[in-house]
Amino acid sequence: MLNVSTRTAALYDRVRRVIPPIEWPTFADDIEAILDLKRQRNAVILAHNYQTPEIFHCVADIVGDSLALARKAMTAEADVIVLAGVHFMAETAKLLNPQKTVLIPDLRAGCSLADSITAEDIRLLRQRYPGVSVVTYVNTSADVKAESDICCTSGNAKAVVESLGVPRVIMLPDEYLAQNIAAQTDVQIIAWKGRCEVHERFTPADIRQLREDHPGVTVLAHPECPPEVVAEADFSGSTAAMSDYVGRQKPPRVVLMTECSMSDNVAVEHPEVEFIRPCNLCPHMKRITLANIREALEQNRHVVTIAPEIAGRARLAVERMLAV
Ligand code: SF4
């Protein structure tokens with residue numbers, strides 16, 4: 001009988017550039033069990049670009065940014081959807097495909113942006129700015145989405161804001177995303193004060209140091225970074241846009257100003273590109289592990305539920321975004 005490392009050798013080939021051989025046996029057993037459980041339960045795993053490579057490349061069926069995951073969740077035909085990402089992503093999947101069982105492997109997988117605003121905050125904003133449309137980043141709870149006119153992601157925020165055909169919008173909760181979009185559009189944007197705890201830590205000084213230490217490096221920055229970081233970068237876009245940029249332009253040397261695992265996952269697909277890796281980890285994304293994905297499938301936990309009176313209104317805001 002072959003041992004588990006030998007049986008999973010083909011999977012290891014996908015990630016050998018970013019996972020040392022000595023670590024593989026610690027993953028192989030869970031990976032094999034998860035693949036088996038997916039078949040037994042007719043389940044799919046949706047993994048965000050910030051998940052670690054052994055999840056992203058070895059057990060996920062669908063990978064991408066939050067926009068791509070939302071679209072795929074809507075049409076998933078499996079009985080069970082496991083969201084390898086954070087809680088708001090699992091809620092979005094449930095909103096868009098309510099008949100399915102949606103599991104989040106760790107309930108503590110939150111988000112500093114989602115935590116920065118409540119439904120009550122939006123009701124107060126509406127009183128303060130009567131008649132102004134509310135554009136809400138998908139990195140929010142279903143309660144907050146339910147109070148919103150339309151959702152957006154970092155990949156479609158400008159198009160969503162401009163689709164409303166109004167001179168002024170409230171865009172929340174990410175202050176930096178709002179400021180970065182405001183720089184690209186004539187629509188006046190009223191921002192909230194939320195921040196992504198991963199991206200807010202990048203500074204222009206980091207970029208200057210990287211350029212000095214790694215001459216010729218191409219710098220890509222996520223739009224959740226502060227505007228002065230985006231201004232010093234060579235390109236700014238969502239995780240999907242950054243990944244496309246690397247595939248299209250094939251810069252010899254690149255740095256992605258975003259969560260750590262993103263570089264590992266893109267590097268696997270582009271061995272010809274040298275990745276410089278400043279590392280800012282998202283502690284919420286890292287709550288998801290092979291072990292708790294396995295437990296989620298074995299024990300059917302944690303099932304995501306949304307109160308019907310919230311779900312209907314929140315779904316509308318997400319669906320309006322998907323129609324843009
Ligand atoms: S990277 Fe930032 S926006 Fe994404 S889940 Fe983590 S805290 Fe939230």
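Backbone N, Cα and C atoms are what each Cβ position is placed from, and that goes for glycine too.
Curation plays no part in TrEMBL annotations; they are all automatic predictions.
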Residue in Thr75, Thr239 which TrEMBL records at the iminosuccinate site where His48, Ser66, Tyr137, Val138, Asn139, Ser154, His222, Pro223, Glu224 also bind: Thr239
Residue among Cys58, Cys111 sharing the [4Fe-4S] cluster site, where TrEMBL lists Cys196, Cys282 as binders: Cys111
Those residues of the chain, 6+ apart, with a Cβ under 8 Å from that of Cys282 ([4Fe-4S] cluster binding site): Tyr50, Val86, Glu197, Val198, Glu259
Neighbourhood of ligand 1 - binding-site residues from His48, Tyr137, Asn139, Cys196, His222, Cys282 with Cβ under 6 Å: Asn139, Cys196, Cys282
Between Cys196 ([4Fe-4S] cluster binding site) and His48 (iminosuccinate binding site), the C-alpha gap once rounded to whole angstrom: 16
Residues His48, Ser66, Tyr137, Val138, Asn139, Ser154, His222, Pro223, Glu224, Thr239 binding iminosuccinate per the record - widest CA separation, whole Å: 17
Between Tyr137 (iminosuccinate binding site) and Cys111 ([4Fe-4S] cluster binding site), the C-alpha gap once rounded to whole angstrom: 12
Cα-Cα distance linking Cys111 ([4Fe-4S] cluster binding site) and Glu224 (iminosuccinate binding site), given in Å to the nearest integer: 13
Residues flanking the [4Fe-4S] cluster site, with Cβ no more than 8 Å from the Cβ centroid of Cys111, Cys196, Cys282 and excluding those residues themselves: Val86, Ser112, Leu113, Asn139, Glu197, Val198, His199, Glu224, Glu259, His284, Met285
